[in-house]
Amino acid sequence: MSLRSASFFINMEERNNSTAAWFLFDFQNETSTANSEEVKLSSQIFPSFLLAALILCAVFGNACVVAAIALERNLQNVGNYLIGSLAVTDLMVSVLVLPMAALYQVLNRWALGQVPCDIFISLDVLCCTSSILHLCAIALDRYWAITEPIEYMKKRTPRRAAVLISVTWFVGFSISVPPMLIMRSQPSSKAEDIANPEQCIISRDPWYTIYSTFGAFYIPLILMLVLYGRIFKAARFRIRRTVRKTDKKKVSDSCLGLSPTLFHKRTNGDPSKSWKRSVKPKPTLCVNGAVKHAEDGESLEIIEVHSNSKNNLPLPNTPKSEPLFESRHDKNMEAKRKMAMARERKTVKTLGIIMGTFIFCWLPFFIVALVMPFCQSCQMPKWLEDVINWLGYSNSLLNPIIYAYFNKDFQSAFKKIIKCHYFKT
């Protein structure tokens, strides 16, 4: 073999080794890419199922509320019309907004184009704002009903409910659609869309941020806090006034008719000769508290409940008196007080759940929405941003539970719907 042939074989061997190394590197690269895609896919499975379950539950819950009000006549009143409109709004959030938000969340990029992005943002702001404002309308309706029960019952008509519902949608529309259309036409916004085609985010213009966040959340939050605070005070006052009226009623029920009867009057003479018999009609004697009497009607003892003093009208040789109204009256009053305290606790619990859920779901989102446009250096973990976004969306799932499912009339209607009672008749 010549030197030239030997060098040829050496070059061929080196070329084969380099080719094998390249194939090995390419195989390892493809394997690592496949593994990373598998890890990425597996990490998306659980969030996908979780978001799908949230969306389906929200659709089912709000649809049941709408169906219950439509089918059950007992639920067709002004207060429930507002709850039904809230359910329709949350149903729109669940059907029109949440599927696109879930797709954006799972893919981690916007893949539907710019026009669907504009529609998605407008629907998101419109429906979520209207949902929040519906909560204000419900609070306002309850405030009028409890503070002006007689006058407001005359004004509480379906037309008034329609006006409140129209106002919520008008305000939501004014916050979402026109500003978005105006700001999207600006060159800076178009340039940002071209530079980031895989992002779909709401405008972070400072003035629009203040306008939208205060109109959609902060002003309604303050209004709801004031209204529910006054509702609690009014409810507590009415509960305690009912107890006081019961006290007075029990006292008036303890009045004794002493006319006509034998009435003894003592003079300053000898006790054995100082009692005179009279048959003159006397006015009814009302006792502020409990009454005790002796056998044969010979003695009367009046106990002042509030001052704990006793005014006795004794007679000679009077046997020991026995209680007539005291024990039963005290027991009834204690039961009434316990019932009043239980009603107060229930009122506090109900209002706490309503406001607590609303604040828990939406306050983190609107704090971030207000702060981030003014803090360019602020950074937030992606997972925390996602949790805050979906915490706000979850309010559409919780609203029907809070406003409808705790109501016994709604519970009865839901059972009928599940058993297909309305379709059998």
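Glycine too: its Cβ is placed from the backbone N, Cα and C atoms.
Keep in mind that what you see is a predicted model, and the values were worked out from it rather than measured.
Copied from TrEMBL, the annotated features are:
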type: DOMAIN; residues: 61-403; note: domain 'G-protein coupled receptors family 1 profile'
type: TRANSMEM; residues: 45-69; note: transmembrane segment
type: TRANSMEM; residues: 81-107; note: transmembrane segment
type: TRANSMEM; residues: 119-140; note: transmembrane segment
type: TRANSMEM; residues: 161-182; note: transmembrane segment
type: TRANSMEM; residues: 208-231; note: transmembrane segment
type: TRANSMEM; residues: 351-375; note: transmembrane segment
type: TRANSMEM; residues: 387-406; note: transmembrane segment
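Within the model, the domain 'G-protein coupled receptors family 1 profile' (61-403) shows a mean pLDDT value of 75, rounded to a whole number. Across 119-140, 208-231, 351-375, 387-406, the stretch most heavily in contact with the transmembrane segment (45-69), judged by Cβ pairs under 8 Å, is 387-406. Within the same chain, residues 79, 82-83, 85-86, 89-90, 92-93, 96-97, 100-101, 112, 164-165, 167-169, 171-173, 175-177, 180, 200-202, 212, 215-217, 220, 223-224, 227-228, 231, 354, 358, 362, 392-393, 395-396, 399, 403 sit at least 6 positions outside the transmembrane segment (119-140) and bring their C-beta atoms closer than 8 Å to a C-beta of that stretch. Between the transmembrane segment (161-182) and the stretches 208-231, 351-375, 387-406, the greatest number of Cβ pairs separated by less than 8 Å involves 208-231. Taking Cβ pairs closer than 8 Å, the transmembrane segment (387-406) reaches residues 51, 54, 57-58, 61-62, 64-65, 68, 83, 86-87, 90, 93-94, 97-98, 101, 105, 128, 131, 135, 138, 350, 353-354, 357-358, 360-362, 364-365, 368, 414 in its own chain, all 6 or more past its ends. Counting only same-chain residues 6+ beyond the ends of the transmembrane segment (208-231), those with a CB under 8 A from a CB of the stretch are 125, 128-129, 132-133, 135-136, 139-140, 142-143, 146-147, 171-172, 174-175, 179, 183, 202, 351, 354-355, 358-359, 362-363, 366, 369-370, 373-374.
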